[in-house]
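Engineer: Following this message is one structure expressed as structure tokens.
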Amino acid sequence: MKYFLLLFLLVLSFTLVESVYQYQILILEPIYRFTDSAAVPAKSIYFTNLPQHFSLTQKSSKLDLSQFNVVRGFTQEMFLKNLGCGTDTCQNFPATVTSVYNIIDLKGRLKFETNPAGTDNVLGKAGYLATEEIEGLVRYDEYYSEEDDSFTYTNGKYPNQFGACQLRDYGKLRYKFVRTLGHAFTAVAIPENLPIYSIFAYDDGLPEPTTTVSPTLSPTQYVFETNPIWKILKNSKNGTQGVGAVNLPWTPPVSASPIEPTNVCLLNGNSSVLSRYGEIDRMLQFFDDTHVIIGFKDSIQDASNTFIYSYIGYAFKSSDNLCGIPLKPIRELYKAGVGNTVVAGDDYSDLISSGYMLTGNIIGYTIDCNSTTDGELIVMIPDGISTISSTTILLTSQFATSSPSQIVGYYVQPVKIVGPSASGGEQGYWVDPELPEPQIGDVLGISNVCLFTASSSIISKCGYTRNIYVYYDNVDKFYFVSLYTFGRSVTSKVIGIAFETEENSCGLNLVPIRELYKDRYYVVAGNDYQYLIDDGYNITGNIVGYTVDCKDSKDEFVYGHLPSYAFSTTTSSMTTTASDSTTSDSSVIVSSSKNPAVSNPFITTYSLPSSPNNPFISITTTPDSASSQKISTTTAISHSAYSASPSTIPTTTPYDLTKPLPKLDCNIIENYGDLNGRMVNFANVMEVGDNITITGHIWQNASESTFNLYVGMDPKYLQSYISIHINMRWATDGIVYNYFWGMWNYQFESYSTRPFSRGLPYVLSVVRGINYYDVYGNGQFIKKFGIIGSVALHQVGAMYGYQQWNIDTVKMNCARSHTTTVEPSTPLETASTSQSTPSATLTSTTENIPSTSKIPETSTTQRPTSPILTSGATSTSSSTESTTTSPTTSTTTTLPPTTTPYNLSAPIPKLDCNTIQFYGNLLWRPVVFSRYMEVGDNITLTGFIWNNATESNVNFYLGFNPLFGTTAVPVHISQRWSSSARIIYNNFWGQWGPEAFSARPFTRGQPFVISLIKTANSHQIYGNGQLLINFGYRGTASQNLIGSMIAYRESTIDTVSMACVRPPTTPTTTTSTTTTTTPKLTTTSTLPSTSTAIATTDVSTRPRSCDINSITLGEGDANTPQLQLDAVLGESSGSSLSIYCRGLPNYSIYMMFNVNQGGPPPVIDGYLEITLDCLPDSEGVWTFGGREITAISCFQAPKCSTFVPSFWRSVDLPILSPTSRVVMLLTWQ
């Protein structure tokens, strides 16, 4: 949920005054775009009411509306819906609005109009726009094309002025800015079958007392004003009571009056200072049909007919704070017929005696009003907590290369405006760090626009960035600066890097790059452009990008936070106590005394060197390592009496984002971070039989994910021709295919099914045929796309993936070898590694290239629980560790990789000192260990954090039967992305304990590695290779016997690994899946064949002969309490399958087999589990006690009576003995 806030600060005699924010829900009217797909180029019109368009079947003399036959959906900008609106007011919006109409003008052109003329044909009111610029609203501009004689509408915030599809539709049209109609709204939620709405926050103009810094206080003391929460009588039909602020500055929709104050006092003051004490948030006041309540903004997320009324103060989200503030829980109480009230702390006996009951809801934490003095709270900041914002720290351009830094400098240079040279010519722009002065003319001046000129791969981690060009229009003979060509015939030169929007994650103060015009001269400026207006320039209305103002730079650097990098995971062996690694040389190199559970000697450290002589930021690694001749390591353990045998502690190596991408030359590009939005150029054009494969993750909130194969070498995005365009539109079920040859031809759009899912990994492959492409998704053939036009012209030389997915690797498998020298495709050296592991594994890859083969065949065998080893050959030893690095790269030819989908139907095996992977997203799936964690054991999770994550959690449970919300949790790890930059740790033993905190090294939209290591009296948690916290035991050692885990909320879990100090006592059981993908090509070209074996363990199991999907499981009903329960699949070991059902603790649980057949004896403890057998002679049928089982249903009843459905008449219970059979007559009680 997005809130737009207007800050209004008054500083008067040491008093900071912060205004009250009013929150209001606004219902919006979406604007739909309709396109005439037959027009070349495509034309579009805009309507705000979808049925209205279809009702206009009549043909105007100037305009045939029926020809606009393609609905492009609604735009990002929306009008205020016409609900209770007047001349200049609508929905109580606190600013002046103006009406907007759909009209057809005298020339027969459809457009929006705020003041229709008498000659205009008014079709209907479209909605309302705000008349003034307010933060949170977007400018709504009108553009006109002379070529097309039509109007189009968009906002002035985006540099290309149109969305991607609109820009393609209008690629050959030149639209000129006409006017700004007003300011439009954007939606924060688009629910199904509900109104589209936005939440708007505005300053009410009334001062609210906040932090007062008295001259008598020390610099570390702050005063916060407090205000009590009042009981409020809501004057509705039943006159129920609520709670909220006593001073209501605005009249609510239903009037209310105060009764008396509670002892709950909220804080008001400088939130940036207050947030240094602990996790705080705004407390809001809500109202519904009958009540007035308080809570944080997320407390009504799923409530209906509940509205935000006003902001009333700050409260803490937990009882922990760093300054000793006596926080009390804000408890909610309720009395039937009266309503709600609240109390701070445990003193509520008088309310209980008067008929109130605790609801169990803890709204937040604040102080008791009795803790204040004259309504003020004085807080002293302890040593070590800075009260100065990091943005006020004086930064210099000198960075120490030996120490890591969170603040980095980004190299920028100003755009210089260049006039005609003496020999004639046109005015242009110049920025080039390699040349001291421009060579094309005289410098007229230096603009206040500074562009980034460092590596785009680094600055792109701050937000959406692209190369910005100076273009020369070959037709109209003028220069202009932009991120895109707007379909013009141009020549271009890259002059820097700019952002597409003003949003960034590095704390950079971005300003719009505004375009101004005078006498065929186009110039750019930031927010300060008055001097150009005075010189006769006019604003064109175009914003061509976002960058920094030169006044914010210092010595050609601007400073911001280091963006979070993608990480690749490597493992290094834990140091063993008194262990030796020996080679032929017997000399001792190093002796170390490091606790493996505390510090990892092999963790890579990073430094960020930067100097004026080398302005480009680079990442270097400084491994703590020595020669590998002989290493004698002695481990001194100060607090735990155990010896760590070889295991794995994850380390994290950042992708080298400073290197430009190499050309893809029949190899793989990986370890360069997210390749989304980066053009991957090929060393040679694609040939028949070549296969391009990409892998990665699809965002959980993705709306579109797109893949293009471009024609030509070194193509340009939105300019060059596209041979095949693959577009996944997640609002629909399929994939759209097309091509782009100067324009989109929607008549050639085709479709296929989509095997991918949001939030999960994917594998997408495209194989080139003679006159077609074969497309594979997750191992399935999904589309044969015929090449359109002359095949000889489709010389594909690059690929480009963009929009809402991550691209981790791009690989090309070629049908024939190329003679070119292959450069290393990754910045990491190819290594052959020998290391100590619990069990030996040998992996080899053999390529057989026959003389003739017409079909590229690839066969891959995967073992889901065995790790993939990327080295060419791996051997193991019980006491050695050595690494040999080969700096050379040889040219090899491989064939298309298999695209094996994850086996999402296979039950998850027990984690037995191994790795669970290839089971899709393990989120919400219980992972049960084969034994309790022992001292020195390490559990490691790898995965990906969603881009829109609000919370990502992991629970490590007591025992082997994790019940979410019930089973004890010795270690709970919570990342709350929307409210804190910390990680929260806790335990659950019937109730939550006190919270602990650490820094958070993870970032939304990036991969992560998190590990938990057990010691004698604590659990140590590592994140991306860093020790985050030493979390001491809560309770006894027996209360910290971790045997299972569940990860939940917004993340993707790819692997869960367990590294054990003691080898497993039972052979490792591996569940295997085998998939063979054969792309069929109707070509006579000679293609090689490759057989690849992926690393497997040496123990395999007999394939299961019974299908787990053959059992029909009953579902629970909606009664309270339930009578019928869910029957749930449990574990499967191949020859057995567990089924369980769970009910209330004091109820009896019954199971029914097949159709009205008795099941096992009932149980009284609320949990019933059985095991079905799949015997060798059962012919693929699950059995229980020799009986064939096809369906199972579960029921519960109070144990004190026989409570079963009336349709049960007589029930056969299972055979209890060979000679006895029990029959019970059950009736409705």
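Cβ atoms are placed via backbone N, Cα and C, with glycine included.
This is the feature table in Swiss-Prot:
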COMPBIAS  818-829  compositional bias 'Polar residues'
COMPBIAS  830-846  compositional bias 'Low complexity'
COMPBIAS  847-869  compositional bias 'Polar residues'
COMPBIAS  870-901  compositional bias 'Low complexity'
COMPBIAS  1067-1087  compositional bias 'Low complexity'
DOMAIN    678-813  domain 'Galectin 1'
DOMAIN    925-1059  domain 'Galectin 2'
CARBOHYD  Asn238  N-linked glycosylation site
CARBOHYD  Asn270  N-linked glycosylation site
CARBOHYD  Asn370  N-linked glycosylation site
CARBOHYD  Asn538  N-linked glycosylation site
CARBOHYD  Asn691  N-linked glycosylation site
CARBOHYD  Asn701  N-linked glycosylation site
CARBOHYD  Asn903  N-linked glycosylation site
CARBOHYD  Asn938  N-linked glycosylation site
CARBOHYD  Asn948  N-linked glycosylation site
CARBOHYD  Asn1146  N-linked glycosylation site
REGION    818-903  region 'Disordered'
REGION    1061-1087  region 'Disordered'
SIGNAL    1-19  signal peptide
Engineer: Enumerate same-chain residues with a sequence separation of six or more from Asn948 (N-linked glycosylation site) and a Cβ-Cβ distance below 8 A; give 'none' if the list is empty.
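Structural biologist: Asn948 (N-linked glycosylation site) has long-range Cβ partners Trp699, Gln700, Asn701, Arg1004, Glu1050.
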Engineer: Cα distance, Asn938 (N-linked glycosylation site) to Asn1146 (N-linked glycosylation site), nearest Å?
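Structural biologist: It is 38 Å, counting Cα to Cα.
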Engineer: To what whole number does the mean pLDDT across the domain 'Galectin 2' (925-1059) round?
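Structural biologist: So the average pLDDT across the domain 'Galectin 2' (925-1059) works out to 88.
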Engineer: Taking the Cα atoms as reference points, how far is Asn538 (N-linked glycosylation site) from Asn691 (N-linked glycosylation site) in Å?
Structural biologist: 52
Engineer: Measuring Cα to Cα, how far is Asn370 (N-linked glycosylation site) from Asn691 (N-linked glycosylation site) in Å?
Structural biologist: 73
Engineer: Give me the CA-CA distance between Asn691 (N-linked glycosylation site) and Asn938 (N-linked glycosylation site), in Å, as a whole number.
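Structural biologist: Here the two Cα atoms lie 39 Å apart.
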Engineer: Tally every other Cβ atom lying within 10 Å of the Cβ atom of Asn538 (N-linked glycosylation site).
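Structural biologist: Its Cβ has 10 other Cβ atoms within 10 Å.
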Engineer: Take the Cβ of Asn1146 (N-linked glycosylation site) and count every other Cβ within 10 Å, whichever protein chain it belongs to.
Structural biologist: 12
Engineer: DSSP secondary structure for Asn370 (N-linked glycosylation site), reduced to helix/strand/coil, please.
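Structural biologist: In three-state terms, Asn370 (N-linked glycosylation site) counts as helix.
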Engineer: Quick check on the domain 'Galectin 2' (925-1059): DSSP residue counts for helix, strand, coil, in that order please.
Structural biologist: 4 helix, 78 strand, 53 coil
Engineer: Quick check on the glycosylation sites: of Asn370, Asn691, Asn701, Asn938, whose CB has the lowest count of neighbouring CB atoms inside 10 Å?
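Structural biologist: Fewest other Cβ atoms within 10 Å, among the glycosylation sites Asn370, Asn691, Asn701, Asn938, is found for Asn370.
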Engineer: Helix, strand or coil at Asn1146 (N-linked glycosylation site), per DSSP?
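Structural biologist: Coil, per DSSP.
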